[in-house]
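Colleague: Pasting in a structure now, in structure tokens, and then I'll have a few things to ask.
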């Protein structure tokens, strides 16, 4: 390890920008901090000189506080831990064990780009936020720190096996590119991603600003309604076609936001491997370079939304300790977008540092028992039928019957797609409704297992299996009891013989 990091070092003065923006964000998140400005503007008018005085005082206070944060921030890298020392009145001395580091991200915000500076973000297992942020470091220094952090982990992992260490020496420093994605791939990724979040954000803000009373009486509304009645409402076929066209148009408009976001965030996308660590780089507005040790991956998810299913494209998510994913604050996993099945089958053998040993995405699975469907399918039709018997046929009960049919169909689709497949030390779990996803569980990563039975399951020799992982629990309901026991016993046997760190 380079000795330049063994002594306490300060950050660049440019990090004051990062500290200032963090302070401003904290002020905005705590609305009470804006009370003096709002109160002064309310009492004196927002063109009052006092408003300017309060704003100027706020700017000076933010800059002064950020300058003190920078002046008191120190870091150093020792043999087995990263030390962070900060604080003026309340001093904080944080020691981060290197074997607890989950991810190391290299981010270049837009305001650091002219200076060629980066922020090095360290995330650990067991924390709900970024453990350390080394702001305003140059690229060379950031990469040296990043490699030093992971090289210490690699040395610790290989210390018990001298032969393995010697085998790694010839390839030390070699970086292999695994996946690259073009603009076209990212456009497709943005297209098949779920846009419901953006729909709620945009529609909520727009609909809240509309004057519905005035809109109801407007000439444009009357003209459109008249056109609809004379052209579209003439028969059911044109109404269905018109509704589908509106839905497709709305989806494409919302997809423009998702596509733009995907390009700005990931282009030019590249996934590379160095030793047993994968590195994802890309980003137009904020350049990112995320790192993840393969041994820290708890579960791999291959997801295919309904549009992705039509395009035959998958997204690969590497899930880690729950709440400590790459970009945890944004609730994102390290992912690989727009992957075809053939590309997945070519990639998996190259990720031989994973706990999971599967190399091919399955094409079949064993479905769960139909008892799961019957247990859930009766309620919606029963409610609709009872209302129809007591009230009679009317638009309300017709709507209830339609909703009951849709709900039952969706439950059946979920039942048909829920299944499992045991392959050696790996357990595949298949789920979905209109889309589909595969969860690849390495039984070596299982922390606890639970087999439960309802009275009905006990009669049919069925059970529900729960596999507890650091990334969260995985459930397989209504499977044969002998299969549940086989999976559970395999997991317990593997974990009993494996004495490596569970992370």
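Yeah, the Cβs are placed from backbone N, Cα and C, and that goes for glycine too.
Per TrEMBL, the features are:
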- 7-28: transmembrane segment (TRANSMEM)
- 48-68: transmembrane segment (TRANSMEM)
- 70-148: domain 'YdbS-like PH' (DOMAIN)
- 186-207: transmembrane segment (TRANSMEM)
- 236-264: transmembrane segment (TRANSMEM)
- 274-327: domain 'YdbS-like PH' (DOMAIN)
- 399-415: transmembrane segment (TRANSMEM)
- 415-490: domain 'YdbS-like PH' (DOMAIN)
Colleague: Quick one: do the transmembrane segment (48-68) and the transmembrane segment (7-28) have at least 3 Cβ pairs under 8 Å, skipping pairs fewer than 6 apart in sequence?
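Modeller: Answer yes: the transmembrane segment (48-68) meets the transmembrane segment (7-28) with 3 or more Cβ pairs below 8 Å.
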Colleague: Using a Cβ cut-off under 8 Å, which residues of the same chain at least 6 positions beyond either end of the transmembrane segment (399-415) come close to it?
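Modeller: Cβ under 8 Å, 6 or more out: 367-368, 370, 372-373, 376-377, 380-381, 383-385, 387-388, 431-434.
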Colleague: Taking helix as H, G and I and strand as E and B in DSSP, count the residues of the domain 'YdbS-like PH' (415-490) in helix, strand and coil.
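Modeller: Per DSSP, the residues of the domain 'YdbS-like PH' (415-490) fall into 21 helix, 40 strand, 15 coil.
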Colleague: In the domain 'YdbS-like PH' (274-327), how many residues does DSSP put in helix, strand and coil?
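Modeller: Taking the domain 'YdbS-like PH' (274-327) as a whole: 9 helix, 26 strand, 19 coil.
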Colleague: With helix taken as DSSP H, G or I, strand as E or B and everything else coil, how many residues of the domain 'YdbS-like PH' (70-148) land in each class?
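Modeller: Final tally across the stretch: 21 helix, 39 strand, 19 coil.
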